[in-house]
Amino acid sequence: MEGRGARTPLLECGEYHPHKTATPRCCFWLASHVNVRKCVAGVMLLSVLTIFFYTYYVTAPLTSLVWRDRVPRPLSQCSLLASQQQARDHRSDARLRIDAKVLVIAESLYSRLGRDIAELLVANRIRYKVEVAGKSLPVLTTLDKGRYGVIVFESLSKYANMDKWNRELLDKYCREYSVGVVGFATPGEETLVGAQLKGFPLFMHTNLRLKDASLNPASPVLRLARAGETAWGPLPGDHWTVFRPNSSTYEPVAWASRENEYGANEDHIPLATVMQDHGRLDGVQRVLFGAGLQFWLHRLLFLDALSYLSHGQLSLSLDRWILVDIDDIFVGERGTRLHEEDVSALMASQVALQRLVPGFRFNLGFSAKYYHHGTALENRGDDSLLKNREHFSWFCHMWNHQQPHLYNNVSQLESEMMLNKQFAMEHGIPTNSCYSVSPHHSGVYPVHEPLYEAWRKVWDVKVTSTEEYPHLRPARLRRGFKHRGVMVLPRQTCGLFTHTLLLERYPGGRERLDKSIQGGELFQTVINNPINIFMTHMSNYGNDRLALYTFESVVKFLRCWTNVRLASAPPLALAEKYFQLRPDELNPLWGNPCDDARHRRIWSKSKWCDTLPKILVIGPQKTGSTALYTFLAMHPVLVPNQPSPITYEELQFFNNNNYMKGLDWYLNFFPPNQSNASQITFEKSATYFDGDLVPRRAHALLPNAKIIAILISPSKRAYSWYQHIRSHGDPVANNNTFHAIISANDSAPKQLRDLRNRCLNPGKYSHYLERWLSEYNSHQFHIIDGSLLRSEPAIIMNTLQKFLKIPHIDYHKLLKYDAKKGFFCQAVNEKTKCLGKSKGRVYPPMEDRSAKFLKRYYTPHNTALSKLLVRLGRPVPQWLKDELSNG
């Protein structure tokens with residue numbers, strides 16, 4: 001088939017081909033046989049053709065380049081004969097007393113290999129802890145259970161050269177709890193030849209260049225990785241270590257050859273690059289690597305080593321699901337759209353992939369306004385897609401491919417979507433996929449609420465996908481979420497695709513693509529994600545059809561080197577599988593769209609960036625947070641949020657119920673103030689202090705906020721809270737004494753236990769402060785002595801102004817003591833404006849037995865708080881000193 005842009009091959013003299021043109025040098029031979037005039041005419045004709053070729057194919061826009069006769073064939077370096085192998089099951093029937101968690105002993109917090117290990121663990125959702133190698137080991141047990149299932153040493157040398165005491169302690173732990181060790185031979189300046197690893201009958205050669213890696217099919221470590229083929233070519237790096245054992249306890253897992261060895265393959269000496277220690281000498285099983293994780297095969301083997309050494313506790317599922325979306329169907333500039341033969345190639349590739357990926361179908365997203373907007377050949381391509389519509393899956397874009405956040409209301413979006421739906425119904429395109437993708441990722445995240453509402457009404461959308469939530473690099477760390485009943489799946493964008501000509505024009509372009517397929521980014525994406533949704537575009541399937549090449553190649557390479565079980569399913573089924581695997585991701589984690597340039601571009605213009613609060617007063621309850629809120633609102637620079645009709649001055653957004661209402665709901669309480677750009681907004685919600693998810697949520701949206709907490713005696717706080725809920729008619733509090741509630745045991749009725757926890761838990765100050773300090777830096781945190789806030793509020797407010805770095809005002813003039821209320825109030829014209837009747841209420845004294853109970857209960861927590869304050873360099877309040885005294 002002759003394609004547009006086919007290059008004109010040149011003939012050698014004496015050659016004949018009906019479709020080829022003679023070169024000018026042949027004319028010298030022809031001159032003796034034909035008329036010179038005809039030869040000149042031929043030269044002129046050739047010149048005209050050359051000029052035409054240059055003008056059309058070189059000076060034309062790159063988007064018009066089409067090389068359909070140069071479509072590359074899919075890669076496959078293996079015969080797939082190994083596909084009959086069965087993946088090993090590392091699970092053990094023994095009763096294990098270890099946690100499914102990895103301990104990583106790193107050389108430093110900034111080491112390259114340490115970061116690579118941590119990133120791979122994060123990508124596969126494997127729990128881990130990093131400790132920097134030091135003089136002592138971290139705590140390895142809790143009661144009668146091991147804290148870690150595998151221990152990873154970034155430096156094999158550091159492991160081998162541990163001091164005797166720590167080594168014996170570690171080996172005892174590994175033997176007693178059946179814990180394995182992974183070690184990496186890190187590069188060194190000194191080249192070693194036949195050097196013995198200290199304490200082991202194992203010899204090493206270092207700083208080698210290697211090539212042609214292969215796996216030992218008999219190794220019990222292999223599970224994810226499949227043996228039987230060879231990764232030809234040089235291995236990355238020149239600091240490889242190989243192992244030569246002197247004991248039957250060792251078995252090679254992987255081999256390679258010296259790079260400077262030439263000749264027949266059978267003459268190469270296999271060198272062990274990954275070695276398994278079966279533990280026959282000292283009862284400790286190990287897997288030792290001769291290099292880090294830069295080599296793609298080592299990433300597979302590292303995951304297999306974790307699975308094997310943890311007896312299956314850290315095994316990953318072998319199931320991988322793949323969905324390939326083809327966006328922008330019917331959309332595209334002339335010269336980039338599909339022809340009939342491209343549609344035929346698409347169907348042929350789909351058939352080939354279905355043999356390797358059960359259930360596979362390309363998923364086509366269409367914007368119908370641009371149907372038949374191409375050339376005559378491309379319009380026939382549009383018709384061919386519709387003619388073969390039953391062979392594909394379909395989903396909706398926008399009618400005119402416009403970004404939905406540019407529409408102001410639901411009605412506009414509905415009318416646009418209805419045009420697309422009417423086209424689908426007229427042309428027999430199915431409309432029941434429950435899946436949609438927004439053009440350019442707009443409207444999904446940052447969330448444009450009208451889009452979700454229009455989707456539900458017109459298309460009954462239950463699933464979408466985006467690469468924009470959160471906008472993370474590397475992409476495999478993205479997560480899903482659910483909003484307004486729509487499940488949002490993380491999407492992988494194949495930015496690998498471009499025209500073959502462009503790949504050839506840029507140095508190494510084609511090599512980079514093939515490297516991504518053969519163990520690189522695309523390959524690792526499928527390995528690290530159980531469910532993969534790839535976004536591609538229509539133009540990737542015309543022209544050079546590079547998308548077909550890429551997906552067929554990577555699927556074959558996965559089948560060649562891994563035991564993963566590839567399959568596909570419709571988007572709704574994939575969404576249900578995804579959130580079965582990742583139930584923790586159902587809840588969103590709202591970030592600030594203003595912090596990301598791409599997010600700002602796809603956020604509604606009606607939104608604003610500068611009014612989110614920069615100060616959070618987090619409580620806890622009954623410590624004086626309402627009084628502090630009032631004092632802050634007196635400052636001319638500080639502006640509180642607008643009140644909520646349900647919770648008054650407290651928005652309680654970062655708690656569960658309101659958080660699910662979305663970012664738009666929160667923003668509505670902070671309208672932009674055009675008159676005073678220097679004003680700073682703040683929010684106070686006393687329930688934030690002890691909320692389990694609140695610190696992480698707050699930091700995701702407000703990472704630079706100043707955080708203010710107020711602490712009083714936890715015993716007084718608990719008693720005040722009990723009296724507060726009694727006054728609000730809580731039936732359990734009204735039917736039980738304070739002592740009955742705080743002393744309720746775990747066999748008490750659930751309502752009584754819940755009330756006990758709500759009463760006592762917020763007073764465990766150090767526990768919740770540590771949680772906040774794990775998200776925010778200590779310099780962002782200000783802790784107020786609640787007893788001084790009540791007795792000396794002006795002093796507290798003057799100190800607070802320095803922390804907030806706002807203009808100083810004299811609170812001595814703004815506050816006045818109200819003898820009737822018993823606390824300070826706002827001074828207004830020689831009078832006082834105090835808080836409501838519920839504030840300052842006088843309660844009966846606490847029973848002595850309750851006070852003693854609470855003193856005993858809170859002593860360990862108060863001790864921890866005192867140590868925390870000293871560590872932070874903050875003053876220890878007098879009430880805390882009194883609580884910890886023997887008196």
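Glycine too: its Cβ is placed from the backbone N, Cα and C atoms.
Caution: TrEMBL annotation is automatic and unverified by curators.
Residues or ranges marked as active site, for sulfotransferase activity in TrEMBL: Lys622. Taking all protein chains in view, 23 other C-beta atoms sit within 10 angstroms of the C-beta of Lys622 (active site, for sulfotransferase activity).
Annotation comment: TrEMBL describes Ser720, Lys839, Gly840, Arg841, Val842, Tyr843 as 3'-phosphoadenylyl sulfate binding site.
TrEMBL lists Cys825-Cys834 with the feature disulfide bond.
The annotation domain 'Heparan sulfate-N-deacetylase N-terminal' is assigned in TrEMBL to 98-309.
Annotation source TrEMBL lists domain 'Heparan sulphate-N-deacetylase deacetylase' at 319-523. When averaged over the domain 'Heparan sulphate-N-deacetylase deacetylase' (319-523), pLDDT in the model lands at 91.
Among the features that TrEMBL reports, domain 'Sulfotransferase' is placed at 613-859.
The transmembrane segment annotation in TrEMBL covers 39-57.
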Rounded Cα-Cα span from Val842 (3'-phosphoadenylyl sulfate binding site) to Lys622 (active site, for sulfotransferase activity), Å: 14
Length of the line joining the Cα atoms of Cys834 (disulfide bond) and Ser720 (3'-phosphoadenylyl sulfate binding site), in Å: 19
Fewest other Cβ within 10 angstroms of its own Cβ, chosen from the recorded positions Cys825, Cys834, Val842: Val842
Spatially closest candidate among Ser720, Val842, Tyr843, the listed binding-site residues, to Cys825 (disulfide bond) (Cα to Cα): Val842
Sequence-distant neighbours of Tyr843 (3'-phosphoadenylyl sulfate binding site) in its chain (C-beta under 8 A, six or more apart): Tyr719, Ser720, Gln723
